[in-house]
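Report on the structure given below.
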Amino acid sequence: MTAYHGVRLPKYAVKALAWAPIGAVRSIGNAVRWAAAEEGNWHLRQAAASRGDADTWLKLDARRQRQSVWRWWVLAAATAGTGTGVIVLAAGPSWWSAVAGAVVVPWLATRGRPADRPLTDRVTEGTRYRKLTAELVRRALTSLQMAAINSAVAKDPKAITFPVDIHRDGPGHLAVVDLPYGVEAAEVVARRGRLASAMRLPLDQVWPEPAPGHTGRLALWVGYEPASQMKQPAWPLLSSTARVDVFKPFPFATTPRLDTVAVDLMFRNFLFGGQPGSGKTFALRDLVLAAALDPRTEIRGYELKGVGDFAVLEPVMAEYGNGFDDDTLARCFGFIEWLYEECRRRSKRIEHYARLGKAPENKVTPELASLKGSGLHPLVAWFDELQELMTSKYGKDAGELLEKVIKLGRALGVIILIGTQIPDKDSLPTGITRNVNSRFCLSVADQTANDMILGTSAYKQGLRATVFQPVIEAGWGILRGFGSKASAVRSFYVDTTAAARIVTRAVALRQTAGTLPVPDEQTRQVAPVADVLGDLAQVWPGDEKSAWNETLCGLLAELRPDVYGGWEAAQLTTALKPHPLIKVGDVGRRIDGKSVTRRGIKHTDLLAAIAERDRKRSAD
């Protein structure tokens, strides 16, 4: 550093000589203003003058004059002393003047320099860690503009205490703080940005969270450097020898301290939520990649965003849908219907093996999952951007069925993974959010979205994913459902190239185990998508103005037995729900002289619904 500044001394000298005269003028002006005492109560005198209060103005000015008298004497003495000093320097050896000039000129230059231009050049150095101390923490907490903290500290400087000494904790230091009485740690967590500002540190270097013990205890962890500059270790599952057992935990994320956080899949249902750019899709994909490394696991899912983030996994998936068009949404709804039937089938298999003593607690065991032909292998069903389905015409029925699958499937080896960016009651039914037991909330915009993902009152408890910034802190979120308390973690980032390497290993494992899906082979019986309105118009009985549902079901079954075979009146009613113009009501007929009333529809309603549908299609 000495050499750095040494070669720049001529540059510094030129700057000093240029700015010193300006500094001298400013110093003289400041001294005169101080001696005149004009600024001391200037605002009060102006206020009195504005009110026309001459008496108050005169009193204030008299006080100013009294202050000014002794200040002028001080200034006069200082001026005389300065003049004497100049005379002595002029009469003395030349080196006296040189030393005085070397001191005075730089000092005057610092007084005269522009505010944004320092006299010396700045040296760029590596990041310096500022040690966390009790005084630094107290000062930061009292800078949060929280009246309860500031008033308590004003009365008692020891109102903020440290039950545990500040100590090193991983790549940083941890301070456990007991806040003043009546102040909750959650209130400080909500002011994370102000706390970082008070400590003069980047936001992602300061990590406050509620600590165990009581609601007024805060755990403040401060890293040696910002989390964005701390290199996250590679995902352990990228190792060429890594395998996964869905019954056992596997690495999923890291904490700000870079500790690895493990999760498991079996007996769990996951809900991932976050606004665009939060890293939700890639975090969800991590779980699907992990499931692929267990060759017993069957994987099916739908990506309703349509960009193909999960396409890399297609070789190991028994079913994959991508898009948000009506055909894809219909297949996704059919998949949920199939999941419900699969749960019913598996429940009978569990009952069978429980009677044989092979299913303790009537749950799938690792042995049953590995037993070929048991039909109880792990089944991972994932849905990304589920809000697209829930806000479609299939939404109501899909939500009700998916809630049942979540409730039933947990013990049956059916694992549901859901990702959504619009967590409200319309896009994500409350029956689903209430019943999932594992939650990961990435960056969200408000308290409502936060609590929809993490559960009621999570925000008040200090679990606030609103503190994370989308894109900048992609992958960061609050993980809940693992361990005694929720915590901030960052999911491992796995790009598509690395994901492809994992899929290659997963394919090899499944080929060896004989569980690799065969391309182009239908592995699930999917009912063909049919045009119910068009088919009804085609089979409508003659010139009848109205018809019974059961009559129409019979005619539909004759037209397309593969689609409508076995349909009953209630099923037709359900199929017509997405078309509000068709009112299913009572239709009367006279049979053998008796009046018979059954549920049916009117031909005019059917034609109106078809016309409305065609109008919307032409508009699109």
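Every residue, even glycine, has its Cβ placed from backbone N, Cα and C.
As written in TrEMBL, here are the features:
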BINDING   GLY274, GLN275, PRO276, GLY277, SER278, GLY279, LYS280, THR281  ATP binding site
DOMAIN    258-451  domain 'FtsK'
TRANSMEM  72-96  transmembrane segment
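In this structure, the binding-site residues GLY274, PRO276, GLY277, GLY279 were compared by how many other Cβ atoms lie within 10 Å of their Cβ, and the smallest count belongs to PRO276. Counting only same-chain residues at least 6 apart in sequence, those with a Cβ under 8 Å from the Cβ of GLN275 (ATP binding site) are GLN421, LEU442, SER443, VAL444, ALA445, ALA449, PRO470. Counted within 10 Å of its Cβ, the other Cβ atoms near SER278 (ATP binding site) come to 26, all protein chains included. Look at GLY274 (ATP binding site): DSSP puts it in coil.
Within 10 Å of the C-beta of LYS280 (ATP binding site) there are 27 other C-beta atoms, taking all protein chains into account. Using the Cβ center of GLY274, GLN275, PRO276, GLY277, SER278, GLY279, LYS280, THR281 for ATP, the list of other same-chain residues with Cβ within 8 Å runs, in sequence order, GLN421, LEU442, SER443, PRO470, ALA474. Counting only residues at least six positions away in the same chain, the Cβ atoms of LYS305, ASP309, ASP384, GLY419 sit under 8 Å from the Cβ of THR281 (ATP binding site).
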